[in-house]
Amino acid sequence: MVMARKSDTLSEDVLPEDVRLEASLRPRSFDEYVGQGPVVEKLKVYVQAARSRGEALDHCLFSGPPGLGKTSLAHIIANELGVGIHVTSGPALERKGDLAGLLTNLDARDVLFIDEIHRLNAAVEEYLYPAMEDFRLDITIDTGPAARAMKIDLPPFTLIGATTRTGLLTSPLRDRFQIQERLEYYDAKALESILHRSARILGIPLDKDAAREVASRSRGTPRITNRLLRRLRDFAEVEGNGRITLELAQKSLDRLGVDASGLDSMDRKILLTILDKFGGGPVGVETIAASVGEQRDTIEDVYEPFLMQEGFLQRTPRGRMATHRTYQYFKKQPPPTPQGSLF
């Protein structure tokens with residue numbers, strides 16, 4: 001769990017390099033946040049209204065593929081409200097006591113951020129319901145005939161949940177979030193803005209055409225954009241003059257295995273598995289996962305959304321299928337007859 005307040009700064013000597021850099025690049029206000037315009041504009045209104053009334057913001061649920069800024073929005077909301085933020089994740093809350101410890105340490109109007117909230121176990125999730133609805137904990141003391149119920153009042157707080165798998169949330173939990181927003185992939189222009197902002201913070205000279213090239217290969221995802229920028233900085237410092245030019249960006253991205261379409265080695269491995277081993281599909285995701293040596297959840301959460309968004313993959317009731325664009329990408333001849341009906 002990470003706990004921070006608006007005036008807090010994380011101690012740099014205890015953070016791994018990537019975590020420290022990610023924290024330094026994270027926007028701290030709505031004005032610094034790039035992209036997701038409709039979502040941000042609504043959140044500004046909700047936050048301003050809650051702040052003017054002196055109330056806790058309604059509970060929020062942010063969904064969407066990984067790396068689009070759900071965690072950043074949670075931190076921004078806490079900063080804009082001027083309250084503390086307590087950060088944890090669904091898998092970390094194994095027992096009711098884990099959740100009770102967090103909730104009883106909240107101050108009035110604080111933000112509790114639960115990442116991967118779809119991975120909460122059922123017992124912990126049910127324990128959360130009265131806390132969300134009535135700001136109350138229902139605790140059972142002792143067991144058997146001596147058991148007795150005890151209610152603990154909690155200060156009003158805001159729960160912000162983040163998920164990449166909205167469909168795995170139970171209806172009772174999902175319905176308790178009064179604010180629900182989905183984050184979408186970023187366009188290239190927004191990613192260019194993020195690149196230039198990050199480059200300024202890190203002190204990296206970055207040419208405009210180089211930023212355009214990196215943005216086009218970033219899968220519409222700011223986290224990937226910033227990760228690529230850090231790797232290009234390494235190439236620029238070791239093999240160049242410290243400046244990221246278009247030529248250096250193109251050569252370095254090629255060496256990193258990120259092509260002009262934004263596909264990386266695992267994307268290509270997944271698609272080639274469908275094409276070469278299973279005749280273009282349909283094939284089940286479990287079979288794909290076993291063939292490429294990757295977890296099913298990772299394929300569904302990280303790789304498939306982008307591949308489907310870009311038209312490289314089709315999901316059908318019978319399994320995953322390659323598309324005509326996939327055959328064109330690999331310069332392969334598509335099958336002469338339909339591979340099967342969707343019905």
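Glycine is no exception: its Cβ is also placed from the backbone N, Cα and C atoms.
Given the structure is predicted, the values throughout are model-derived calculations rather than measurements.
Around Y186 (ATP binding site), the same-chain residues at least 6 positions away in sequence with a Cβ under 8 Å from its Cβ are V34, G35, Q36, L68, I194, G220, T221, P222. Look at Y186 (ATP binding site): DSSP puts it in coil. What Swiss-Prot records for L25, R26, G67, K70, T71, S72, E133, D134, F135, R176, Y186, R223 is ATP binding site.
According to Swiss-Prot, the Mg(2+) binding site annotation covers T71, on the basis of sequence analysis. In the three-state DSSP assignment, the secondary structure recorded for T71 (ATP binding site) is helix.
Sequence-distant contacts (6 or more apart, same chain, Cβ under 8 Å) of R315 (DNA binding site) comprise E304, M308, M321. Taken from Swiss-Prot, the feature DNA binding site covers R296, R315, R320.
According to Swiss-Prot, the feature region 'Large ATPase domain (RuvB-L)' maps to 1-186.
Among the features that Swiss-Prot reports, region 'Small ATPAse domain (RuvB-S)' is placed at 187-257, with the record citing sequence analysis.
Marked as region 'Head domain (RuvB-H)' by Swiss-Prot: 260-343. Secondary structure of the region 'Head domain (RuvB-H)' (260-343), assigned with DSSP and counted as helix (H, G, I), strand (E, B) and coil, comes to 41 helix, 9 strand, 34 coil.
Closest to R320 (DNA binding site) by Cα-Cα distance, out of the binding-site residues L25, G67, T71, E133, F135, is G67. Counted within 10 Å of its Cβ, the other Cβ atoms near R320 (DNA binding site) come to 25, all protein chains included.
Residues L25, R26, G67, K70, T71, S72, E133, D134, F135, R176, Y186, R223, recorded as contacting ATP, have a largest CA-CA distance of 37 Å. Summarising the environment of G67 (ATP binding site), the number of other Cβ atoms within 10 Å of its Cβ, over all protein chains shown, is 22. When the Cα of R296 (DNA binding site) is compared against those of the binding-site residues L25, G67, T71, E133, F135, the shortest separation belongs to G67. Compute the center of the Cβ atoms of R296, R315, R320, which mark the site for DNA; besides them, the chain residues with Cβ within 8 Å of that center are G284, V285, I288, I299, E300, E304, L313, G319. The C-beta environment of F135 (ATP binding site), restricted to residues of the same chain at least 6 apart in sequence and closer than 8 Å, consists of D153, L154, P155, P156, F157.
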